[in-house]
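Copied over from Swiss-Prot:
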- A:3-23: transmembrane segment (TRANSMEM)
- A:33-53: transmembrane segment (TRANSMEM)
- A:75-95: transmembrane segment (TRANSMEM)
- A:99-119: transmembrane segment (TRANSMEM)
- A:122-142: transmembrane segment (TRANSMEM)
- A:155-175: transmembrane segment (TRANSMEM)
- A:196-216: transmembrane segment (TRANSMEM)
- A:241-261: transmembrane segment (TRANSMEM)
- A:264-284: transmembrane segment (TRANSMEM)
- A:303-323: transmembrane segment (TRANSMEM)
- A:351-371: transmembrane segment (TRANSMEM)
- A:443-463: transmembrane segment (TRANSMEM)
Amino acid sequence: MNYLPMMIVFPLIMAIIMNLLHGKEKAVKYITFITAAILIILPFISQYGYYYFGGHGVVNGWVSGIAYLYNPAKQAIIVTLSLIASLVLITGMGEKLKNNMFVTLSLMGFASIAAIVLADDIFNLYVFFEIVSIVQAGLVFLSGTEEAYKAGLRYMIMGNVAAALMLLGIAFLLASTGTLNITDMKHYLLVDNPMIYGGLLLLIVGLAYGAGLPPFHNVKADLYARSKGFISAMLQTYSKFVLVGLMIIILKLFNGLDYFASAHAVLIALGVLAMVFGVVMALLQSDYKKLLAYHAISQGGYVATGLALGTPLGIVAGIFHAINHVIYKSALFLGAYIVSCKRGSNLHKLGGLLPLMPSVAFMVLCAKLAISGIPPFNGFQSKWMLAQAAMQVNMPEIAIIMIIVSIGTFVSMMKAFYLIYLKPVDEETLKEYQNKEVPKLAVFSLFVLTALCIIIGLYPDIVTNYLWDYAKELGVNYYLK
Amino acid sequence: MIMINYLVNRMDFQMASFITSGLLVIIGLYGVFFVDNVLKKIIALEILGSGVNLALIAIGYNGGTIPIKLPGVSVEVFAKESAYPLTHALVLTNIVIEASMLAVMLGVSIILYKKYKTLRSSVILKED
C-alpha cells in the first residue's frame, strides 16, 4: 500500500476530528501528540514516484486526474515541514486557550503545504494554495488582538487579488495547452505564445504573494509579527515551502526555454529585492517579532534568488536554504515566544533576561548566528552555496548583495540579543520577570531546532544528498551556453 | 450604424465574454486598490473573481454544446464538439473558495467595525 496520499488525507481527517473536540482539552492534547508523531513518520513510509488519484492514470499517453510526485528532494522538504509542524503542535499544547482550533488550522496548513510541494498538476496546486491562505489568516486571528484581525484581513484582501490573478494565469496556460497536468503541459510550452508568457507572469504574482516577496512583503511580515511566536514559526515555514513548491513547478515547466529569460530576470529581481527590503526594514524595527518577521522576508529572498538562478547548484542551494531557514527562524520565533511570555516584544522595554534563562539565551544566540551565516551553523552552509551558485552564473553582484545582507542581518540580530538578554535592568523589573513561567514545551522545541542547526551545519550532506538528483533534472547550466 | 453592425457581426459569444471578463477584472482591481471602504473592497474582490471565472468559462466554450455525453453519440464527435469541462471544474472550485474567503473577510470586518465604528479602510486597515 502506498502511504503517499496519507500525507494530505490524514492531517485533513484529524483536522476535522479536532474541530469536533471543542472544549475537551485533555483529549485534544493527547490526540495532538499522537498526530504530531505520525506526521513525522509519514514522509518516511511513502513511496517515491507518481501517484494518481481516483484510479486514473496515464491514458493514451496523457495523465488523467490529480497527480502527485514524490522524490528524495520533496521528501527532504516534507520531513522538515512535518518536523516543524510537530514541534509547533507540541509547543501549542502548552498554551491555555483555543487548542482545538489551533490544531485544526495547523493540520490543514500542513496538508496544504504538503500538497503544494507534491502537486504535479496546477489544479490541485491552486486549490491548496487558496486553502493555506485562509489557514494562515485563521492562525493569525487566534491571537485575538485587534492588530491580528487587521493583519489577517489585509492579508486576505491581498490574497484574493493575488489568487484571482494567479487563477487567470492558470486559465491562460490551460487555454494555450489544453491541460492542467504539469507533465503533459510541458509538451506544449515550446511555442513562444504571449498567452503562455502572460500566464507565467501571473503565476509569478501568486508566487510573490505566497512567499512574501515584493510587493507583498509588508502584508506578509505583518502577518508573522501579529501571531503568537510559535504560530509565526509555522507561518513562515508555510511561506518558504509555498515558494519552493511553486518555483519547482515554474522551473519544471519553463526552465531552459528561450522566452523564459526575462521572466527569469523578474524572479531574480524579486529575490534580490526581498533580500534587501527585508533586512532594511528589519534594521528599523523596535518590535522584536516585527524584526524577526522582516528577516523571514529577507531570507525568503535568498531562497527565491537561488531557485531563480535555475542552475542545479542554484536549485540545491535554494531548497537547502529554505530548509535551513525554516529551522533556525522557527527557533528564533520560539525564542521570541518564550521572551513574550516573560515581557512582550518591545525591544526598548526588554532587558536582563540572561540570568533568568541562560540556556534559552544560548540557544537563541546559536540561531542568530545561524541566520547571520556564521560557521559552524547550517545558515553558513546554504548561504555559502548560494554565493557559489551566483558566482557560477557570472553574477558576482548577487553574491556581494547576499554577503552585505548577511552583515545587516548580523547587526540587527546582535542588537536585538543585547537589548533582550544583556542590557542591564533594575532590581524591581528583575523580580517581576522571575514570577513569569517559561513554557517548557517551547524550550524543548527550541532545543531540537538548535541541535539541528549545528548538526546540519557540520554535516550538510545529510540534506543536500537528497536534493541533487532532482536539481539536475530541473536545472539548466546556463553558464555553459 | 454601419460600425455597430460590423462589430455585432464580428463579435461572437466567446469574444464578448472575454471583453466582459477583462472589464470585470479591471473594475475589481480598481475597487480593491482605490475605494476607501472595506465592504466595497470585498465586493470588488467578488467582481474580480467573477471576471476570472467568466474568462475560464469562455476559454472552455466551443459552440455551445454542453459536455454531457448522450447515448448514441460517438466519443470522437463528442470530444470535438462539446465545451471543455475542465474549465468548469476550475470555476466550481474557485466559487467554493471565494465563498469561504468571503465569509471570513465579512466576519472579521464585523469585528473591526464594532471596534472602529466605521467601514473606512484607511482607518480599519491602517498599519500600526
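Yeah, the Cβs are placed from backbone N, Cα and C, and that goes for glycine too.
It should be emphasised that the depicted structure is a prediction, and the values quoted were computed from it without experimental measurement.
Tertiary neighbourhood of the transmembrane segment (A:351-371): same-chain residues 295, 299, 324-325, 328-329, 331-332, 335, 338-339, 342-343, 377-380, 409, 413-414, 416-417, 419-425, 429-430, 433-434, 438, 443, 446-447, 449-450, 453-454, 457, selected by CB-CB distance under 8 Å and a gap of 6+ residues from either end. In this chain, the transmembrane segment (A:99-119) lies out of contact with the transmembrane segment (A:303-323); the count of Cβ pairs under 8 Å, excluding pairs fewer than 6 apart in sequence, is fewer than 3. Counted over residue pairs separated by six or more positions, the transmembrane segment (A:443-463) shares fewer than 3 Cβ pairs under 8 angstroms with the transmembrane segment (A:155-175), which leaves the two as not touching.
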